[in-house]
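Data first, discussion second: the structure below is written as structure tokens.
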């Protein structure tokens, strides 16, 4: 378990930074390329541990995939061409891999066994396995399919009209992917609109998808046709440097090629509402996945209330938003965030515990956090608990803390941002 020591940044963070490829889009590009007909070339791929797990799993099912840094070539097998894996499909720490892949495996004629690390073993799978079972897939696992390892034997699926109790792109995507080979029209309705990378990419691969408010539909029997994919930078990774630029004195950062999918830009809306000073320059208007260059500088922030429809648009950014709130004048309330409890860690409890160690005034209830600003943070020993987003949030916190901050289990950041610490060090010079 590796440690990282973070020293206070006295002269600000300054410079340009190219944000690594979007994790959600990278996963989907590999998966959709694997079940498409033809060869897909992916540029801007994120070579982090999670996305490499996706490549590994589909290679195990006979897909020819060549990865060279951030460029990947996938020779598609078509929807019916995947082969029965000879070994257990290991997703590592990736919830996206296991949930979306379950939707694909639900319509394959073979048996597969899927598992991940100890974090995955604690994450709820029934939200995905239940609707897939309703469609006709044979799925089992610990506690009746609630937890991994899962065994999946696909079947002749029938379309369903499913109302999801949670706004989850992973649940929605698993059902839609199963629906590609189901008889009839599959529909998923959510309480709030979740990120729509699956819908956008399916359309790019030639699948007709219908969107009606909070409902997404597709007809079974459609094939995917290979296409080239350009992956923009991950706004969830950019969030750490957006907050850093706003709260570290004497900072000015230019973040290049940041994905600006409107279902993901809640962090931008929140920073604007808090009073951050930044500009957004679109760079590829009209693209399937829009992107922009963002310039941000040290700002005076104020506390706000965050909740409702915006939560699915910033669910992964809440840990670093909580950090920003510790440096804002007044009280910030983050509510309706119960989904944080079933991430890589219980992120409500973890954020509160670790920021409290650094001197923040922060409280938790069942689905919310209340943060009292403005807090003077002091260095301490903290822990990511294997959660990449907690690790990066704590690193930014260490930059404004008095004295050194030691982060235990710091290597977790490699899941989504392998070069994070190197970039941070470069910008601090």
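In case you wondered, yes, glycine gets a Cβ from its N, Cα and C as well.
Record features (Swiss-Prot):
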ACT_SITE  316  active site, proton acceptor
BINDING   23, 95, 123, 170, 347, 389  phosphoenolpyruvate binding site
BINDING   23, 24, 28, 168, 170, 316, 343  3-phosphoshikimate binding site
Report task. Based on DSSP, name the secondary structure state of residue 23 (phosphoenolpyruvate binding site): helix, strand or coil. Result -> helix
Requested in this report: Sort out for me which one of 123, 347, 389 has the most neighbouring CB atoms within 10 A, since those are the binding-site residues we care about.
Outcome: 389
Query - Rounded Cα separation (Å) that holds between residue 28 (3-phosphoshikimate binding site) and residue 170 (phosphoenolpyruvate binding site) - result: 11
Report task. Could you measure the widest C-alpha to C-alpha distance across 23, 24, 28, 168, 170, 316, 343, the residues recorded as binding 3-phosphoshikimate, and give it to a whole number of angstrom? Result -> 19
Query raised in the report: Cα-Cα separation of residue 95 (phosphoenolpyruvate binding site) and residue 24 (3-phosphoshikimate binding site), in Å?
Result: 11
Report summary line: argmin Cα dist to residue 23 (phosphoenolpyruvate binding site) over the recorded positions 168, 316, 343 returns 316
Query raised in the report: What's the CA-CA gap between residue 343 (3-phosphoshikimate binding site) and residue 123 (phosphoenolpyruvate binding site) in angstrom, rounded?
Result: 7
Report summary line: residue 123 (phosphoenolpyruvate binding site) to residue 24 (3-phosphoshikimate binding site), Cα to Cα, whole Å, comes out at 18
Report summary line: A correct count of other C-beta atoms within 10 Å of the C-beta of residue 343 (3-phosphoshikimate binding site) gives 20
Report task. Only counting partners 6 or more residues apart, tell me which same-chain residues put their Cβ under 8 Å from the Cβ of residue 170 (phosphoenolpyruvate binding site). Result -> 95, 96, 99, 100, 128
**Report entry** Cα distance (Å, whole number) from residue 316 (active site, proton acceptor) to residue 24 (3-phosphoshikimate binding site)
**Finding:** 12
